[in-house]
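For reference, the structure is listed below as structure tokens.
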Amino acid sequence: MASSSPVLHLFFLLLTLFFATTSAVHHRRIASHNYRDALTKSILFFEGQRSGKLPPNQRMTWRRNSGLSDGSAMKVDLVGGYYDAGDNIKFGFPMAFTTTMLSWSVIEFGGLMKNELGNAKTAIRWATDYLLKATAQPDTIYVQVGDANKDHACWERPEDMDTQRTVLKIDRNHPGTDVAAETAAALASASLVFRKSDPAYSRVLLKRAIRVFAFADKYRGSYSDGLKSYVCPFYCSYSGYQDELLWGAAWLQKATRSRTYLNYIQANGVTLGADESDNTFSWDNKHAGAKILLSKAFLVQKVQSLHDYKGHADSFICSLVPGAPYSQTQYTPGGLLFKMDDSNLQYVTSTTFLLVTYAKFLTKAHKVVNCGGAIVTPRRLRTIAKKQVDYLLGDNPMKMSYMVGYGSRYPKRIHHRSSSLPSVSAHPAKIDCGSGFTFMHTENPNPNILVGAVVGGPDGHDHYTDERSDYFQTEPATYTNAPLVGTLTYLAHSFGQL
């Protein structure tokens, strides 16, 4: 027997090596993507969307200064901020939502971001510096710079644009509760991001958020009513303003820890749609996000008065889980969550963020979701989210990444003016309004790679057409990338890439 022990020892050693190897292979197989690389690129994208005077450390070097006289039509300084998508307009409503989602990404997952945390904060500050300018006057918010109808009649670089930079505002007489409450949410959430690293700036943001929310709540009305010809159909507030009031109050409650906002939510939550069953989270409708955010106060911080929000959040989650009772969500044959043909990936990125974030809250509270008797664990939510992100990054029937610059095959002809036109360094002479369409209609790939841009994505049958004219599929947007930053951080960390 003694003589066989070395053989047994060798056998167990080989067995251990086998399991270690298969485990490592298994782990590598699961981590089918470089989430860290995708994270870096998803944040870099925002530098390509910058308006205003670019800093010396600008990494997207084919861009130049633009919109340096923005606001002058109303004798105010509105230089800076972001172009929302592939045009040269600064829409305040989606810019504020983008800011809130970037901030929420950092609040929940910033501790895992390592080297990317500074870049994420820079992306947030580029927006909040602008939003502070836009809200500098009491009971007034400048909500848009540029006329989309005129801008869309041109195909020109932001550095060249000569279309009228119309300035639109809301005030007491022309209210815009939706955009005002979203702006308050953006400022309040960002105040949490900078609370430790820049307390003075954080206080400025929070003070402004409080003032802006009071304005939003007191002077009620949708901004789409007064500014319809300018903001519709682009960023019409289709869902009304109740969702933004709940969302804004939720963020102010989180940022101030004040009883005032908790009382407001308790008194007005149902009126503002807390128990509505809408399950689309986007720049327009914030109900689902507010439910998840308020559930944290109950699950993690034990605010008992908000216990109903666990149920509200669960209802939203159950609507997403394939095969579960109450599931209402459509998926493509390839497995992509599908809401609509127009820029569908924005709903994928916003939803996956809520999935991984709610999974985090549930895990901390040792809770699960009960969907009509079917138990859904935090792990299941993370698995659903990972599958969606993996599809976006290349695990799909088209075998391509929908993030520009990520992977070996990605969109080359995105609907984006500055990406599709020669850069100023390559073509110093001005390209005027109409001349740019020559470049727009060409089959050539875009000369400037807008690294990290997530496009609108494929249709309901998983088909994608890489054509510049198809803005439903090929146009990127800031609010598509913003929530993805948080989800990618979670995935990169969980697979040991950060």
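Backbone N, Cα and C atoms are what each Cβ position is placed from, and that goes for glycine too.
Annotated in TrEMBL:
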SIGNAL    1-24  signal peptide
DOMAIN    35-488  domain 'Glycoside hydrolase family 9'
ACT_SITE  H415  active site
ACT_SITE  D466  active site
ACT_SITE  E475  active site
Residues satisfying Cβ distance under 8 Å from E475 (active site), sequence separation of at least 6: A85, G86, S343, I414, H415, H416, V455, G456
Number of other Cβ atoms within 10 Å of the Cβ of H415 (active site) across all protein chains: 24
Cβ atoms near D466 (active site) (within 10 Å, other residues, all chains): 18
